[in-house]
Amino acid sequence: MSQNQETRMSTATDEFTTHNLDPRIAEQLSHNEAGLVAAIIQQYDTKEVLMLGWMNDEALHRTLTEGRVTFWSRSRQEYWRKGDTSGHYQSVHSVSLDCDGDALLVQVDQHGAACHTGSRTCFDERDLHAEQAV
């Protein structure tokens, strides 16, 4: 692992703490072993499910305070704000926590494609059907 990667990872680990996130919100979250919570992104008016991303406390704080969705990249080990590179950004309308505290529903107004492939949604290509029992 390079020194740069180690620096980014240690910074990210430090930012998993709840320094910026309201403690009343942080105490309701049930993080996975990596300190993350799943974030389901949904178009606010049509209810179309657009994508799934991951957030730690700092990403959630940024999402709540900036009005644009911020994720934690598990592969790059860094924060990324949807649309900063592509221009296809997500304006936050609401954020809800599920009953177990381990998933967020983020309702957005999607500007452009939500998927990195250029599709409106990440869920329009692979329709899995269970085999029908005969």
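Our numbering is plain: 1 for the first residue shown, then up by one each step along the chain.
Here the Cβ of each residue, glycine as well, is placed from N, Cα and C on the backbone.
For reference, TrEMBL has these:
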type	residues	note
BINDING	Asp98, Asp100, Asp102	Mg(2+) binding site
BINDING	Cys99, Cys115, Cys122	Zn(2+) binding site
DOMAIN	51-123	domain 'Phosphoribosyl-AMP cyclohydrolase'
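Sequence-ordered, the extra residues of this chain that approach the Mg(2+) site, with Cβ no more than 8 Å from the Cβ center of Asp98, Asp100, Asp102, are Ser30, Leu97, Cys99, Gly101, Ala103. Long-range C-beta contacts of Asp100 (Mg(2+) binding site), restricted to its own chain and to partners at least six residues apart, with a cutoff below 8 Å, comprise Ser30. The binding-site residues Cys99, Cys115, Cys122 differ in how many other CB atoms lie within 10 Å of their CB, and the one with the most is Cys122. Within the same chain, the residues at least 6 positions away from Asp102 (Mg(2+) binding site) whose Cβ sits under 8 Å from its Cβ are Leu29, Ser30, His31, Asn32, Val37, Ala38, listed in sequence order. Cα separation, Asp98 (Mg(2+) binding site) to Cys122 (Zn(2+) binding site), rounded: 21 Å. DSSP gives Cys115 (Zn(2+) binding site) a coil state; it is part of no helix or strand.
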